[in-house]
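Student: First, the structure itself, so that you have it in front of you.
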């Protein structure tokens, strides 16, 4: 039987592009893992993706995961858009190149091991775990320690 895991995640960027951070909370039964990191120069969307990627990459065995995010970009991207992007050589419907391909590929790979359900949460709607992730992501953006090597101006 698969472990049932809840993941809450959020990303933040001060300036967009600018310093950014992500945070996630992983819950399993009474266990809770909270993590966050800050980057010197990145974007909000990259941080939204990174939070979920780092959380799911930390799971070493197949799990049944519910991922809660306030990012429609991430949720719609992985559920609806990615198949067309890949078919069209990573181009959008407007024939421009998809941004953050490096992270979309990492996200897709990190999810392959798991059974995943996506739950969209409206930003700042009072969901305590989402609010906690939002706060930690913003704080991490204020004190960056990492370089986002995949970010290209």
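Every residue, even glycine, has its Cβ placed from backbone N, Cα and C.
The feature Mg(2+) 1 binding site is assigned by Swiss-Prot to 10, 48, 70, with sequence analysis given as support. The annotation Mg(2+) 2 binding site is assigned in Swiss-Prot to 10, 134. Annotated domain 'RNase H type-1' per Swiss-Prot: 1-142, in sequence order.
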Student: A 10 Å Cβ contact count, applied to the binding-site residues 10, 70, 134: which residue has the minimum?
Tutor: 134
Student: List, in sequence order, the same-chain residues at least six positions removed whose CB sits under 8 Å from that of residue 48 (Mg(2+) 1 binding site)?
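Tutor: Set apart from residue 48 (Mg(2+) 1 binding site) by at least 6 residues yet with Cβ under 8 Å, we have 9, 10, 11, 22, 69, 71, 73, 74.
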Student: Near the Mg(2+) 1 site, what residues other than 10, 48, 70 in the same chain have a C-beta no further than 8 Å from the centroid of the listed C-beta atoms?
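Tutor: Neighbours within 8 Å of the Cβ centroid, excluding 10, 48, 70: 9, 11, 12, 47, 51, 69, 71, 74, 123, 130, 133, 134, 137.
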Student: Just the number: how many Å between the Cα atoms of residue 134 (Mg(2+) 2 binding site) and residue 70 (Mg(2+) 1 binding site)?
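Tutor: The separation of the Cα atoms works out to 10 Å.
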